[in-house]
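*Asks:* The feature domain 'Iron dependent repressor metal binding and dimerisation' is assigned by TrEMBL to A:356-425. Summarising the annotation, TrEMBL assigns transmembrane segment to A:15-35, A:42-63, A:69-88, A:100-119, A:146-164, A:232-254, A:260-278.
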Amino acid sequence: MDNFVYFFTFQDLSILYVVIGIILLGIGSAYVGTYSFLDKKALLGDAISHAVLPGICLGFILAGEKNPVYIVTGAFISGGIATFLTSWLKKNTKLSEDAIIASILSVFFGFGIVLLTVIQKSGNPEMAGLNHFIFGNAIAILEEDLWIYGGLAVIIILSLTIFQKEFSLLVFNSDYGKAIGYPMEIIRFAFNVLMILSVVIGIQAIGVVLMAALLITPGAAARFWTDNLSKLLLLAALFAVVSGIAGTYISFVLPQMPTGPWVVVSLSFIALISFLFAPKKGTITRYFSRNQYLKKTNNEHLLKALYKNRELGQRMLTIENIYELYPYQKKEIKHSIEFLFKEGLILKNQNFISLTDYGIHEAKRVVRLHRLWETYLTEYMNIAPDHVHDSAEKLEHIITPELEAQLEKRLNFPQLDPHQENIPRD
Amino acid sequence: MSFDQNAFLIILTGSLIAISCGLLGVFMMLRKMAMTGDAISHAVLPGIVIGFFVAGSQRGLEVIIGAGILGIIATLIIDWLRKKARVQLDASIGITFTLLFAIGIILINLFAYNVDLDQECVLYGEIAYLPIDLWVTGSGTILGPRITYLAVLNFTLVAGFIYFFFKELTLTSFDESFGSVMGIPSKGINLALMSMVSYTTVSSFEAVGAILVVALLVVPPATAFLWTKNLMPLIKLTTILGIGISILGYYLAYLFDSSIAGMMVTVAGVLFLLSALIKGRSSKSAGTSMANI
Amino acid sequence: MIIQAESPVLEIHDMTVSYDQSPVLWNIDFTLPSGQLIGILGPNGAGKSTLIKAIMGLVNPTGGYVKVFDKPLEEVRSRISYVPQRESVDWNFPASVLDVVMMGTYGKLGLFKRPGKREKEVALASLDQVGMSAFINRQISELSGGQQQRVFIARALAQDADLYLMDEPFAGVDIATEAAIFELLKKMALEGKTVVVVHHDIYSAMTYFDWMIMLNLHLVASGPKNQVVTEELLRKTYGGKLNLLSKVSELVRKQDFNPLEH
């Protein structure tokens with residue numbers, strides 16, 4: 001708890017620097033990553049982040065110490081070469097994109113490892129700091145680092161905000177952009193530069209191996225909550241910032257822990273929650289709304305059964321009669337009876353069940369939709385009358401009042417369905 | 001130069017690993033699943049660590065089982081994200097491997113005090129220590145370097161797998177739906193291939209490291225693909241490249257005093273880029289390319 | 001107009017297929033006669049390819065069933081052959097023409113067995129039938145679109161099936177080749193094989209096919225060509241989608257799950 005208070009009250013200025021750095025980094029990489037996610041180029045970020053390792057090592061060798069300017073420049077150059085090679089190979093060889101990305105990623109990383117072992121054996125005492133670039137250590141961000149990493153992050157955020165229109169054009173419909181006179185090649189180039197920069201600023205805190213997560217996961221998670229680009233970017237940034245701070249806090253409390261893995265785990269946790277529980281798109285949400293829907297269909301089927309019986313002149317059914325109609329759904333039917341009774345659609349008289357006036361109105365609506373759809377299928381889709389029932393059994397629950405009106409008009413308010421049954425109206 | 005037994009053993013082991021990876025890699029590449037291979041090789045890390053923790057050493061069968069399970073879990077998560085959560089494929093791969101890899105690193109750091117698991121060894125491998133890591137039987141007989149035995153076993157299984165399922169692997173790589181139409185169990189073949197890739201990753205990680213396995217998986221096949229037009233020549237050239245990069249990698253690492261595995265990958269990378277320069281453009285074919293991940 | 005066939009080779013019963021939760025085929029129900037050349041016609045996006053894929057079990061219908069030779073698909077796989085769309089594979093795959101055609105024999109070979117001399121002869125004979133004998137060692141990416149199409153047909157022939165389903169085998173094929181392949185398909189039909197072809201050109205369809213299936217998200221017609229190719233049915237097939245049907249499809253797609261599935 002003391003740790004918590006100490007960390008979040010920023011008594012220690014160096015913690016404040018770290019947190020500011022993480023916030024800027026989170027927003028910057030989430031912005032860039034969301035665009036590249038929408039561009040279906042998420043793994044290019046992975047390739048670039050592995051590919052900056054040799055640049056970092058070369059920067060270190062040239063500077064002889066962990067100088068942020070050398071390292072950022074080295075990382076930027078080797079990331080740039082990797083990006084260029086990726087698109088050159090795509091254009092000039094028969095290799096598929098995934099093979100190219102995997103090759104570039106692993107070759108650059110392998111070369112980086114060679115340089116790393118060379119530095120290791122040179123016995124440079126600052127070597128330990130270099131290892132942080134592999135898995136990240138946000139706590140090691142110093143004030144002088146912040147000026148460089150933070151400054152670059154601000155540039156990324158500003159460029160993406162100011163040129164939101166151009167970059168969305170690039171992602172959604174590049175050809176169209178070209179057709180209406182936008183310099184798409186320059187925009188693509190600018191975007192690649194921003195992407196490399198966002199990787200470069202992340203390596204100190206997150207590390208080269210896991211940086212891809214900060215680019216890919218926030219956008220993918222945020223996509224579950226909204227379809228609007230501006231909201232998507234804000235949400236992705238929020239997710240990245242929250243996980244960034246969480247990861248930093250953990251590696252502050254447990255100093256032997258690298259930051260990167262914890263940021264990734266928190267991010268993935270947020271993503272998992274989004275995949276499961278986001279409204280409309282989450283899998284659990286979908287599961288529940290499907291259950292809800294199945295309940296609705298049961299209720300409506302019961303109403304229909306009662307109404308059809310009424311058509312045959314029988315005003316009520318016993319519960320046993322209903323169970324016989326749906327022998328495998330005893331439990332569901334019981335629920336439906338409870339529900340319809342509560343909603344005032346049916347009356348229960350001891351064991352007998354009958355429709356209320358409101359129930360008759362609702363039942364008529366469902367029966368009408370069923371029979372209208374059957375009529376439509378036979379008249380417009382040439383489907384034999386004995387084959388239309390199953391389809392109508394499903395669609396009667398989802399046809400909206402507007403569609404119903406259109407069906408009525410198209411079919412010219414028919415009196416009878418294909419089975420010569422009356423289409424009921426109020 | 002006189003016959004150097006250590007050099008021979010290292011090169012032999014390196015070649016065997018490079019060939020095993022390359023053989024599987026040919027089919028991963030042709031299936032456009034190179035990045036899935038990358039994901040698997042990252043994702044087995046937590047399995048290795050847990051197996052290590054259970055067994056108390058990195059020699060246990062538990063390590064191989066743990067990693068094998070994780071490899072399959074990774075493909076299942078990717079599949080779940082794609083089909084059930086409807087996340088696009090590239091993002092599914094990215095999310096899955098970063099998460100599993102992060103968990104692996106956290107576990108290493110948690111267990112670091114209890115077991116002797118070297119983060120750098122797991123990640124980058126150290127094939128150079130191979131001659132001193134010997135397999136000693138209960139009665140004290142020294143049978144030779146342990147990792148070489150693992151590599152021989154791995155190579156035999158991979159070669160056998162590809163030999164026996166050659167026809168199925170080829171057909172489902174070229175045209176999966178035609179395969180399923182003929183009643184070939186494409187899903188089973190695919191899962192078997194993924195299992196072989198995870199097993200190979202684990203079997204090789206001590207020598208070349210979990211991350212560099214992916215380089216051996218992808219780069220030699222991609223290089224050979226630029227030079228060949230048929231599957232058999234592609235496989236043969238991949239094999240030759242595997243041997244070549246082991247020899248060159250070993251001596252260059254010796255020369256620069258650096259990681260052997262890293263140098264093997266660097267050599268592979270140089271050969272790859274040279275091939276692309278020579279064969280680029282001219283080989284760009286007129287056929288339709290479905291080059292999407 | 002839907003005319004049922006007597007002792008049909010293929011029976012589709014009340015099948016609905018959704019793709020990405022949007023129904024692309026509604027309540028398809030027809031039967032096909034044996035030994036005929038059958039065309040599937042319809043505008044773009046009418047669900048022609050989906051129909052073939054559903055017959056082959058490559059996509060799962062949300063309702064209804066398919067029976068081939070009066071049996072479920074799994075029992076008769078070896079008697080059905082399939083020519084996918086040319087774009088469905090990457091032609092940069094390192095294989096020769098002969099390699100690809102040999103793949104047609106893999107289904108009958110079973111696990112572990114390798115193709116041998118007999119399989120090679122079958123493949124060579126199939127290549128001869130489509131007039132590609134001169135190209136057996138050519139790498140497949142070096143072929144023209146029409147030649148690639150013929151390789152796919154040869155691969156299907158090598159399978160030696162009784163029912164052939166072909167998805168747009170004439171896309172990108174020149175007229176002379178098209179005529180030659182149609183002659184080949186006609187000969188196969190005369191030998192008692194049933195050949196079902198997705199086709200987009202109504203004029204050549206009129207000359208070649210015996211039986212037509214006309215599709216536009218739902219089945220407009222199925223029957224002998226001179227009975228079903230009428231002005232009215234053509235207008236129903238090509239005269240735009242049914243407005244209401246599209247709206248219902250949209251409604252289904254907007255749900256959080258597919259309400260047509262059970």
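Quick reminder: no glycine exception, Cβ is built from N, Cα and C everywhere.
Would you situate these features in the structure and describe their surroundings?
*Replies:* Each residue in the domain 'Iron dependent repressor metal binding and dimerisation' (A:356-425) gets a DSSP state, and the totals come to 46 helix, 2 strand, 22 coil.
If one looks beyond the transmembrane segment (A:15-35) by at least 6 residues along the same chain, the residues whose Cβ comes under 8 Å of a Cβ in the stretch are 6-7, 42, 45, 138-139, 141-143, 145-146, 149-150, 152-154, 156-157, 160-161, 167-168, 170-171, 191, 194-195, 197-199, 201-202, 205-206, 211, 214-219, 222, 232-233, 236-237, 239-241, 243-245, 247-248, 252.
Tertiary proximity for the transmembrane segment (A:42-63) is limited to same-chain residues at least six positions away from its ends with a CB under 8 Å from its CB atoms, namely 32-33, 36, 69-79, 81-83, 86, 98, 101-102, 104-106, 108-109, 111-113, 115-116, 118-119, 126, 130, 133-134, 195-196, 199-200, 202-203, 208-209, 211-212, 215-216, 219-220.
Note on the transmembrane segment (A:69-88): residues 44, 47-49, 51-60, 62-63, 100-101, 104-105, 108, 133, 148-149, 152, 192-193, 195-197, 199-201, 203 of its chain, located 6 or more positions outside it, place their CB under 8 angstroms from a CB of the stretch.
Distant neighbours of the transmembrane segment (A:100-119): 43-44, 46-47, 50-54, 56-58, 60-61, 78, 82, 85-86, 89-90, 93, 127, 130, 208; these residues of the same chain sit at least 6 beyond its ends, with a Cβ under 8 Å from one of its Cβ atoms.
If you look at the transmembrane segment (A:146-164), the same-chain residues 6 or more away from its ends with a CB under 8 A from one of its CBs are 17, 20-21, 24-25, 27-28, 31-32, 35, 68-69, 72, 187, 190, 194, 197-198, 200-201, 204-205, 229-230, 233.
Note on the transmembrane segment (A:232-254): residues 3-4, 7, 15, 18-19, 22-23, 25-27, 29-31, 33-34, 137-139, 160, 205, 214, 217-219, 221-223, 225-226, 260-267, 269-271 of its chain, located 6 or more positions outside it, place their CB under 8 angstroms from a CB of the stretch.
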